[in-house]
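Peer 1: Feature table excerpt (Swiss-Prot):
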BINDING   ASP67, GLY68, LYS72, ASN148, ASP149, LYS178, ASP180  NAD(+) binding site
ACT_SITE  ASP67  active site, proton acceptor
Amino acid sequence: MKLSLVLIIYRSDSSIALEASKFCEEVLKAKNIKSNRIASDFHRDEIEKNLYNTKFQPDIGIVLGGDGTFLKCANALADYDIPLLSINIGGNLGFLTQEKDFLFDKSFIEILENEEYIIDSRNRLNCNVCISERSPEKKIIKSYDALNDFYFKSVEEAISPTNQIQIEIDNEKVNEYKGDGLIISTSTGSTAYSMAAGGPIVHPSIDAMIINPICPMSLASRPIVIPNTSKVIIKPVKKSKGEIKLWRDGSKCMTIKETYYCEIKKGKAPCKIIKFKKSTNYYNTLIKKLDWKGDLSLKNSKN
């Protein structure tokens, strides 16, 4: 890959990420590659300024932080078709990031120049918040995109976490979940909040949506995996509080009133993630990040 301009985005609350961004800038400069550096607490207009008020659009974005930093950048940049290289600087699990050694030993430049990487396109979800009206044309109030997940929780979570949510899949009313909330996840997001709530781990190459209730009051309410070509409708049930709160990739979006509904489906623009061929594969990542031990009986057996 020939690089002319790189957008560097670093985790705003991390001094380590700030220093790493300066180091990255110097490495690129030594190769005569221009770069723009911004913190992850950017506003949307700042991104547009970096993309449109320059002569050239960035060839790639380099994200320095953890998965949380990457998720914000992914949702801001995916619509512009810019591949993202995420390097784990100060993050925790880091399922979406490369190891920091690639940055500090400067090997990331060689890998990019020699094209020793793949571009992994990850599907996102789109959520349209609409007003429930009898009109044949839906009225969209707000639209959001998510790489990991959307989830719905009580508006009074600290006082009364329980809510009741109705779900329809492809125009079929499927269930009413009563509990602490509901997660709609991509395959990529299956190792995030959904996994913590007892959902299945789904390989990111599988085009799927995971519907996972959070602490449901019925044992019959189980996670289900559906094709990501499905259309999912979420509505708050009147007989509960009549309102629920919508979250996206760990960030609060808005309150869904009893006269609203959410239409969730596959997003239009995928997120393009640069993955180095030298980095560990998906299963090794699971073993490392989740501290899996493998077959302990084999380790204890005598030959």
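These residue numbers are counts, starting from 1, taken along the chain as shown.
A Cβ is built for glycine as well, from the same backbone N, Cα and C atoms used for every other residue.
Provide an account of the burial state, proximal residues and distances for the features listed.
Peer 2: GLY68 (NAD(+) binding site) is surrounded by 17 other CB atoms, counting those within 10 A of its CB over all protein chains shown.
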Peer 1: Within 10 Å of the Cβ of ASN148 (NAD(+) binding site), how many other Cβ atoms can be counted across all chains shown?
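Peer 2: ASN148 (NAD(+) binding site) is surrounded by 30 other Cβ atoms within 10 Å.
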Peer 1: Between the binding-site residues ASP67, ASP149, ASP180, where is the Cβ count within 10 Å the lowest?
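Peer 2: Among the binding-site residues ASP67, ASP149, ASP180, the lowest count of other Cβ atoms within 10 Å belongs to ASP180.
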Peer 1: Pick from LYS72, LYS178: which of these binding-site residues has the biggest number of other Cβ atoms within 10 Å of its Cβ?
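Peer 2: Counting Cβ neighbours within 10 Å, the top one is LYS72.
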